[in-house]
Ligand SMILES: Cc1cc2nc3c(=O)[nH]c(=O)nc-3n(C[C@H](O)[C@H](O)[C@H](O)COP(=O)(O)OP(=O)(O)OC[C@H]3O[C@@H](n4cnc5c(N)ncnc54)[C@H](O)[C@@H]3O)c2cc1C
Ligand SMILES: NC(=O)c1ccc[n+]([C@@H]2O[C@H](COP(=O)([O-])OP(=O)(O)OC[C@H]3O[C@@H](n4cnc5c(N)ncnc54)[C@H](O)[C@@H]3O)[C@@H](O)[C@H]2O)c1
């Protein structure tokens, strides 16, 4: 046989799992290759452990305010072993969703091993050569480690070992006030650690400034220290690490977390040898996620573009749809949501006020509503934050929300921005991960599943696959 599979997917994270699962459910012969842990970053050292620690931290914080609503709580006592167990229990609970067995049941051939792309249609793994007319690269990203003097001589944390800490840090110094830096700074502070964030610019710079300011003020009140500057030099030894900033400050802590962004995984598995075009930080792709090499797609964190679990999933479904039906499927970021799970949360969909004004000038109207005027928020005594909606005429182009459960409030704006509200649109909407709102998408998707993966679409996908095997 000319081909061993219809499609080979490299990487078993959110992007690869969605692409592989989608193709397999349409009846295609799929090889799914994972070189480390199924579930990738989100499950093992990203979203899941970070949201688990945020939850433990919230509990401590609530108890810290001993008397509220006339109810007295005992002061919190943090047992790090319990926090560690909660994090790893959460991972273990979700693990079966992403397991080898689950994907084998869907029809994928799952291979555990490091893949190398050896040709336009060939991949090697564990001594086997696989061949398919379509290859999907979904190899993710890893923490960017900046060239800071002395960094390689101290032991430091990244998201890859942070959740393995078996002892509570006394003083966590965080280089980088981005999304990871902010979520972790608040959590570790609330769990009783001293925390300093070193950030040269505005924290969470992609978000609405007013929203970010609310969170920064809350975190300062809770005792997080912000130092304006760039980490330039690091020195010290186990338990005492000093960071010197370009502003002349020296901060000494017991632990150091590096959270200054991501590096796409693009080297060491054959892409350069194949002549694949690479961008500044990731594989170059077009709107259909096609790389410069015909027949090879790249999705999720490994390509240039937004790096979020729901984006990886969305690109995985798009590419699965394009491969199975042969119909070009472009990504559309008009209603892209994201949320930072600090307290209060900072959620965004579509354009921020700054982006909308830059694009449409004075055609933009911004409407702002404060939670201080929202009666549910007043009754809960949780009035911090606001909703800002950016209108062009009467059309919504973006919304920024800061407040309790802000991420859950994005869904109606998905529909307002796209103008689509059918059950099919809901089932295929991009929903911020992880939110409870995903349950609405799941219900709509379940209703459509028998139709989408029904016998007729499968027959059609089978026909497309046969043509491709014959003529590729
Ligand atoms: C601390 C933290 C918190 C986060 N929180 C959120 C959040 O709340 N919400 C959100 O939307 N996003 C969040 N993210 C981002 C999210 O985790 C990523 O965007 C997402 O996991 C990327 O998925 P992926 O499938 O593209 O890549 P990955 O999950 O990295 O998967 C890639 C997989 O490919 C495998 N691989 C690589 N090379 C090879 C090879 N040659 N052969 C075989 N296998 C290979 C890797 O082992 C890996 O398992 C967070 C990230 C971090 C670090
Ligand atoms: N809730 C979520 O959706 C969520 C949560 C965590 C992570 N993520 C994803 O993970 C990715 C990585 O997050 P991140 O926080 O590492 O990156 P980031 O890009 O969000 O922030 C990095 C920050 O580091 C700062 N920085 C750079 N060099 C520095 C230096 N030398 N000293 C001090 N500060 C410096 C930058 O100014 C920037 O603010 C993002 O792509 C994000 O989408 C998402």
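Keep in mind that glycine also has a Cβ here, set from the backbone N, Cα and C atoms.
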Fill in the blank from the handout: Range annotated transmembrane segment in TrEMBL (choices 7-28, 29-50) is 7-28
Practice task
Look at the FAD binding annotation in TrEMBL, where 51, 139, 140, 141 are given, and name the residue from 286, 301, 332 listed for that site too.
Solution key: 301
Completion exercise
Listed alongside 176, 177, 178, 179, 180, 181, 182, 183, 199 for NAD(+) in TrEMBL, from 107, 113, 261, is 261
Completion exercise
Record-annotated NAD(+) contacts 176, 177, 178, 179, 180, 181, 182, 183, 199, 261; largest Cα to Cα distance in whole Å is 14
Fill in the blank from the handout: Ranked by how many other Cβ atoms lie within 10 Å of their Cβ, the binding-site residues 176, 178 are led by 176
Exercise for the section: Just the recorded positions from 42, 176, 178, 180, 182, 199 whose C-beta lies under 6 Å from any atom of ligand 1, please, or none if there are none. Expected result: 42, 180
Exercise for the section: Determine, using Cα-Cα distances only, which of these binding-site residues is closest to residue 47 (disulfide bond): 178, 180, 199. Expected result: 180
Practice task
In whole Å, note down how far the CA of residue 182 (NAD(+) binding site) lies from the CA of residue 42 (disulfide bond).
Solution key: 17
